[in-house]
Amino acid sequence: MAVTQTAQVCDLVIFGAKGDLARRKLLPSLYQLEKAGQLNPDTRIIGVGRADWDKAAYTKVVREALETFMKETIDEGLWDTLSARLDFCNLDVNDTAAFSRLGAMLDQKNRITINYFAMPPSTFGAICKGLGEAKLNAKPARVVMEKPLGTSLATSQEINDQVGEYFEECQVYRIDHYLGKETVLNLLALRFANSLFVNNWDNRTIDHVEITVAEEVGIEGRWGYFDKAGQMRDMIQNHLLQILCMIAMSPPSDLSADSIRDEKVKVLKSLRRIDRSNVREKTVRGQYTAGFAQGKKVPGYLEEEGANKSSNTETFVAIRVDIDNWRWAGVPFYLRTGKRLPTKCSEVVVYFKTPELNLFKESWQDLPQNKLTIRLQPDEGVDIQVLNKVPGLDHKHNLQITKLDLSYSETFNQTHLADAYERLLLETMRGIQALFVRRDEVEEAWKWVDSITEAWAMDNDAPKPYQAGTWGPVASVAMITRDGRSWNEFE
């Protein structure tokens, strides 16, 4: 299969080679890229870790990861090609001198080194120092880091300062995997390639916007991490604000990385501050109690293994967000995300204003709003709810709600939509930063989020309980109902 012209010859170095992220996401994605013919024939994959492995041992680990986490049977021909790329470097990231071993394996003259930090952010400074001291940080070397970075503006700045000491911003790729999802990428095309939306995407025509990211799972044994982060830092700061920016941004001058990111930063700077004076009015936070998920009884958050019984960490957040700019003044954005909700789904719903004059009162006293639903997962696609006349000989215009539906898998006849990590890995190899988050984006998001988390801490108001398997605390319904609106119902 032909390799695309943009595929570059790389040494992909995975720090944390035996970790969960590498095994669940990175390795299966690399297999799919191999299958699609997107990896340059001379690209290598080098795992890094403290394990006393050689190439053969690491190859066995990779094979086991693919067998465990891929839904398809491994093609032996593809496996032979992929496994030939593999190598392993035994390295403790806190041992700066040991990075010379990695340097001896790399081919900086003929290959671009991509350092993927599949490890906790607390290790990033040590890794960058090791790479820098071993002179492995010169352009065009790149580093890839997973968000969220830190737990506040201050800790995020500390991490970015450590990275910035050895790598320039043009070398840094901060991953938010939601930006690699096909339907999120489609937002740019949907908004800016169709005059229907280009000319009807502001406070003159849109009433409000809802963004929901619902998780069916609990904390999945990650108590130590999650209790320090909570749903606000883990999901709102990390994913939902990026989706909000893609919905709310003004048209960029072009599709270059900085043009797109400049517009997203403008949105983040326009977010109305939420602090102690309005935090109870604008936010709801909850914590799941025992209930049922996927037909099984599940424990509450405070009953999870390793739990601190007095924890006030939120597992659910709902927020009314106001954007103070000319495009969105008066249009609320409602965000909600939580764990142990009834289903796993992510969607954006844009509600359009109803006509000022209703000509069809005989059929419908109060016309329902047209709404555009962008399904991020599952069943990726877009649908528009409109009113149509019911066929018949009746002289009245009997109206009925119908949907114009674009399902990705059906419309494009694709059984496999590329996983977000497939695209993002490929973009790092191409050297394209448009789908990655710039430092000022991260810091503007943290400024806004910190104001809320600080207000919660000062307010000393415990999260509202909600039973596992339900749509969060009743207070989240009350928040949106006060504005005369309601959350979208999932079918």
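Heads up, the Cβ atoms here are built off N, Cα and C, so glycines get one too.
Taken from Swiss-Prot, the feature NADP(+) binding site covers R50, D92, V93, K147. Cβ neighbour count for D92 (NADP(+) binding site): 13 (other Cβ atoms within 10 Å of its Cβ, all protein chains included).
The substrate binding site feature in Swiss-Prot is assigned to H177, K181, E215, D234, K339, K344. Under DSSP, H177 (substrate binding site) is assigned to a helix (H, G or I) in the three-state scheme. Around the Cβ of H177 (substrate binding site), 18 further Cβ atoms fall within 10 Å across all displayed protein chains.
Under the heading active site, proton acceptor, Swiss-Prot lists H239, citing sequence analysis as support. In the three-state DSSP scheme, H239 (active site, proton acceptor) is classed as helix.
E215 (substrate binding site) is surrounded by 20 other CB atoms, counting those within 10 A of its CB over all protein chains shown.
Spatial neighbours are here defined as Cα atoms within 10 angstroms of one another, and by that definition the neighbours of H239 (active site, proton acceptor) among the binding-site residues V93, K147, H177, K181 are K147, H177. Spread of the NADP(+) binding residues is 23 Å (greatest Cα-Cα distance among R50, D92, V93, K147). Note: K181 (substrate binding site) has non-local neighbours L376, Q377, E380, A420, i.e. same-chain residues 6+ apart with C-beta under 8 A of its own C-beta. Looking at the residues that bind substrate per the record, H177, K181, E215, D234, K339, K344, the two CA atoms farthest apart are separated by 20 Å.
A gap of 9 Å separates the Cα atoms of D234 (substrate binding site) and K147 (NADP(+) binding site). In this structure, the recorded positions R50, K147, D234, H239, K339 were compared by how many other Cβ atoms lie within 10 Å of their Cβ, and the smallest count belongs to R50.
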